[in-house]
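Copied over from TrEMBL, here are the features:
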SITE      Arg16  site 'Transition state stabilizer'
SITE      Lys23  site 'Transition state stabilizer'
SITE      Arg155  site 'Positions MEP for the nucleophilic attack'
SITE      Lys211  site 'Positions MEP for the nucleophilic attack'
Amino acid sequence: MSRLWLIVPAAGVGRRMQSECPKQYLPLAGRTVLAQTLARLHAAFPAATLCLCLARDDARFDASMVPFADWRRIDGGAERADSVVAALAAVASEAADDDAVLVHDAARPCVATDDLIRLLAAVREVPDGALLAAPVADTMKRAAADGRVAGTELRDGLWHALTPQGACFGLLREAYRTALAQGVALTDESSALETMGRAPRLVAGRRNNLKITQPDDLALAEQILAAQVSRNPPLAAQHKAST
Ligand SMILES: Nc1ccn([C@@H]2O[C@H](COP(=O)(O)OP(=O)(O)OP(=O)(O)O)[C@@H](O)[C@H]2O)c(=O)n1
Ligand SMILES: C[C@](O)(CO)[C@H](O)COP(=O)(O)O
């Protein structure tokens, strides 16, 4: 079976969090957000190779946050897309074109193990790649410049793009190269693949795979993690409860 590469962009400054500390280093349920996210990925894919994109001058990172045996630190770029491209370039000489790559935001610490496993299965099965996503549930309004409603948008067929998103290594690298050469602004891997005419599969994932973006999100993430742990306690705790 082909190798699995995990790219975790964690080189952002978290402007929308309005905190001096980048959001990936804010405390969340006893660890940093970054450590929680890496623990989730490791629980699903312990044998994967991790490419962790960090700001070049990041002084908060500590290698004890990384549970993977095989991992690399990559200097991130100005935008998320630049960080992902830097990771793809850094391991290009080691990766085979048909290796699987999943890209997951450091800022999404609540991703569930079974969603990760289903997403990887789709990435291995679908030649155009795949992403976790959630169908839009609310009525969608378009705002006018004055903050009033300009109209109601059709929500049929609209999904929120989550992460991970992934594809085969060769295809994802080529997709980013093509999109950036065309000057397309990319906020996710699917957009890069779409530029090449590909149609990645939308894999329905949990809506609570929240991207910590604004100050309120941290408390919400804490509640989501607590609910997930009480529904699915670690094996040691289950054993204790049953003896
Ligand atoms: N130059 C960048 C910008 C973002 N990211 C990462 O991409 C993920 C998603 O980006 P986002 O949530 O937008 O994070 P920030 O860019 O840090 O936030 P903001 O846009 O509010 O500044 C985050 O894990 C972030 O660290 C990155 O690796 N390199
Ligand atoms: C990749 C992503 O998390 C999918 O929702 C998102 O596109 C990141 O975009 P942002 O504009 O940097 O928040």
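Cβ atoms are placed via backbone N, Cα and C, with glycine included.
A separation of roughly 11 Å, to the nearest angstrom, links the Cα atoms of Lys23 (site 'Transition state stabilizer') and Lys211 (site 'Positions MEP for the nucleophilic attack').
Listed in sequence order, Thr213, Gln214 are the same-chain residues six or more apart from Arg16 (site 'Transition state stabilizer') with CB atoms under 8 A from its CB. Taking Lys23, Arg155, Lys211 as the candidate recorded sites, the subset whose CB lies under 6 angstroms from any atom of ligand 2 consists of Lys211. Summary for the recorded sites Lys23, Arg155, Lys211: the Cβ-based neighbour count within 10 Å is maximal at Lys23. Arg155 (site 'Positions MEP for the nucleophilic attack') is 21 Å away from Lys211 (site 'Positions MEP for the nucleophilic attack') when you measure Cα to Cα.
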